Amino acid sequence: MLILGIVGGEKSLDEGAATLWLNEYNHLASSVYNERVQASWNYYTNLTDHNQHLMVKAELVFSRFEQEAYRNASIFDWKKMNNETIKRLMKTISYMRLPEEEVKQTENLRNRITQVYSTAEVCGDGTDRCLLLEPDLQNKFAESKDWDELSRLWKGWRDETGRKMKSDYEAFVKLQNKAAKLNGFDDNGHRWRAKYETEDFPQLCEKLWNQVSPLYVQLHAYVKRQLKKTYADNIDGFPDGGHIPAHLLGNMWGQTWDNIFDLVVPFPDKQTVDVTSALQQQKYNATAIFRLSEDFFESLGLDPMPEAFWEHSMITRPTDREVVCHASAWDFYNQNDFRIKMCTEVTQESLLTVHHEMGHVHYFIMYKDQPVMFRRGANSGFHEALGDLISMSVVTPKHLQLIGLLEESPEDNETELNFLMKRALERLSFLPFGYLIDQWRWSVFSGETDIDSYNRKWWELRCKYQGISPPVSRSESDFDPGAKFHIPNNTPYIRYFISSVLQYQFQRELCNISGHTGPLHRCDIYGSKEAGTKLRNMLMLGQSKPWPDALEQLTGQREMDATAIIDYFRPLMEWLKEQNAGHDLSWEEECPHGSFTSGSNSLISTMFSLLLPVIYIVLL
Ligand code: X8Z
Ligand code: ZN
């Protein structure tokens, strides 16, 4: 890499030289980044030891390169320079790496736990076949109404994932913290939060949560009552404290509830708003769903996917090898190779995820001409919001009718409430989940929560914010956070919470620009070149400006706020309040008694269970 001879050990304030150096860095970085992503892609789409070995090797090359860049960048006194762009770029480059041995250890731990998660199967339901998360367990959770079966699978998944990675996770946390501290952060949580460039980021999150939590409370109360009707035979399984047993919500983590729409639909005789069966009847496959999504983005004037996208993406689960199925979008940093990896199913849920992933790729395409270090979302929440923003239009009855997935789109109140309930199950249900995951991680990184209380803390947050409780008793032998992809994969999660608020803020503005009148939830921006241009201009910025600038460019506002999501769901909230009148809305902050047993490690609990018969005999 270009090294500048600076005489006398004085740091340089020469902005011209800094710009030259940054150009050189950018040039080299795009190929080093490309090789690193290529190696990860090869591993994630074919989980072999060989590919893992090559990926760790590429990670080491990358880390060496970044360490050298860090050393070179420190030749400049960039903090004192005037040019904001130089300062911003230098700041992202100035990150010190751990010694190679520890980089290797970190990567090995990460790979081991990701592999445990991605290859886990739940066996033993009496049939020969073991169940994979995608699609088997996901389908079971979407379809089964059998309390015991769901409970068994819920526990089975956690036995096969989290329980097998707890100590590796602890070691991984320590290394992450070490790297963060090396760079002046208090811990790795501090490092993650700093990326939001916001004075008191947790306070902002809490402000947003306080704005939206009343909506969640209404939904929770209504859904719980309907579930009690469905599971009347298991009524004793509903805790007195008002929590919902976590296995009944149509999703392995209870993070989105749209799969139980049929149990909570406000007006069952009115038109269905779920297009799963229409997609299947019309013989949609993965490619057709992706093409549908591509068409929407194009209607706004955004680019079609490059040929390489179709050639290289993995959009269905291969049958001949193990892969990481969890959907993701990949930027190869060479300005034309962008891919999606997804095990697409033909369902409405998949339709939303396809748009979500396509949103990421469009962001990649829009900022591809920025320097490598700015090829990111204005903040990660922006990146997560784009595709969801588009699907907000796609799923409106009017749009679904336009593309032939609904026969009609009546605008009577009852059909509208059915539609909004579906949206609430897809989006409002997610809010506390999106908020709590990183509260757990921040507390783990800061040391406030150590390995002896990992699982207890997890359930404290799940009970408190989501109002859900475990269907079977948990202990510290379990590690339930590890049963959720982003924990083993070490992907920050608060971005999804931020996105859940931002996407409505974006939508409100784009709907205005597109000339929409009437309620926000009916707005479909399909075909609006004006909205597309506005969006494009914001996306092109990447991370070159602080996020409030990007937000202002699109919406005229510099602050995130949740009033748009409240507007969107207003008619449903009024209806829910009527339905819930006279019913208890709250749940206890603490988990139900007995849902968590102490027994700090598996050795103690194993010894205890071995001793039980002995104790029993002695007592007799
Ligand atoms: O992980 C994802 C995307 C990839 S960025 C599929 N999501 C979160 C999750 O699945 O838990 C999207 C919504 C939340
Ligand atoms: Zn995403």
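Each Cβ is built from the backbone N, Cα and C atoms, and glycine gets one as well.
Note: Asn46 (N-linked glycosylation site) has non-local neighbours Arg321, Glu322, Val323, i.e. same-chain residues 6+ apart with C-beta under 8 A of its own C-beta. Feature annotation from TrEMBL assigns N-linked glycosylation site to Asn46 (among others).
Marked as N-linked glycosylation site by TrEMBL: Asn83 (among others). In this structure, Asn83 (N-linked glycosylation site) belongs to neither helix nor strand by DSSP; it is coil. A 10 Å cutoff on Cβ-Cβ distances gives Asn83 (N-linked glycosylation site) a total of 13 other Cβ atoms nearby, all chains included.
In the three-state DSSP reading, Cys123 (disulfide bond) counts as coil. For Cys123 (disulfide bond), the Cβ neighbour count at a 10 Å cut-off comes to 11, with all displayed protein chains included. Feature annotation from TrEMBL assigns disulfide bond to Cys123-Cys130 (among others).
Under the heading chloride binding site, TrEMBL lists Tyr196, Arg495. Remark: Arg495 (chloride binding site) has Asn379, Ser380, Gly381, His383, Glu384 as non-local neighbours, by Cβ distance under 8 Å and separation of at least 6 in sequence.
For Asn285 (among others), the entry in TrEMBL reads N-linked glycosylation site. When Cβ atoms from all protein chains are considered, those within 10 Å of Asn285 (N-linked glycosylation site) total 13, not counting its own.
TrEMBL lists Cys325-Cys343 (among others) with the feature disulfide bond. In this structure, Cys325 (disulfide bond) belongs to neither helix nor strand by DSSP; it is coil. Sequence-distant contacts (6 or more apart, same chain, Cβ under 8 Å) of Cys325 (disulfide bond) comprise Ser118, Leu132, Leu133, Glu134, Arg317, Met342, Cys343.
Under DSSP, His356 (Zn(2+) 2 binding site) is assigned to a helix (H, G or I) in the three-state scheme. Taken from TrEMBL, the feature Zn(2+) 2 binding site covers His356, His360, Glu384.
For His356 (Zn(2+) 2 binding site), the same-chain residues 6+ apart in sequence whose C-beta sits under 8 angstroms from its C-beta are Ala327, Glu384, Gly387, Asp388, Ser391. The Zn(2+) 1 binding site annotation in TrEMBL covers His356, His360, Glu384.
What TrEMBL records for Glu357 is active site, proton acceptor 1. All protein chains considered, the CB of Glu357 (active site, proton acceptor 1) has 24 other CB atoms within 10 Å.
Per TrEMBL, the feature active site, proton acceptor 2 maps to Glu357.
The active site, proton donor 1 feature in TrEMBL is assigned to His486. Around His486 (active site, proton donor 1), the C-beta neighbours below 8 angstroms that are at least 6 residues distant in the chain are Ile437, Pro492, Tyr493.
Annotated active site, proton donor 2 per TrEMBL: His486, in sequence order.
Look at TrEMBL and you will find Cys511-Cys523 (among others) tagged as disulfide bond. Reduced to three states, the DSSP call for Cys511 (disulfide bond) is helix. Over all protein chains present, the Cβ of Cys511 (disulfide bond) has 23 other Cβ atoms lying within 10 Å.
Shown in sequence order, Met392, Ser393, Thr396, Gln507, Cys511, Ser514, His516 are the residues of the chain, 6+ apart in sequence, with a C-beta less than 8 angstroms from the C-beta of Cys523 (disulfide bond). Within 8 A of the CB centroid of the Zn(2+) 1 site residues His356, His360, Glu384, the other residues of that chain are Ala329, Glu357, Gly359, His383, Ala385, Leu386, Gly387, Asp388, Ser499. Taking the C-alpha atom of Cys123 (disulfide bond) as reference, the shortest distance to any of the recorded positions Asn83, Tyr196, Glu357, His360 belongs to Glu357. Within the same chain, residues at least 6 positions away in sequence whose Cβ sits under 8 Å from that of Cys130 (disulfide bond) are Glu121, Val122, Cys123, Gly124. The recorded positions Asn83, Tyr196, Asn285 include none with a CA atom within 10 A of the CA of His360 (Zn(2+) 2 binding site). Within the same chain, residues at least six positions away from Tyr196 (chloride binding site) with a Cβ under 8 Å of its Cβ are Leu204, Asn379, Ile498, Trp547.
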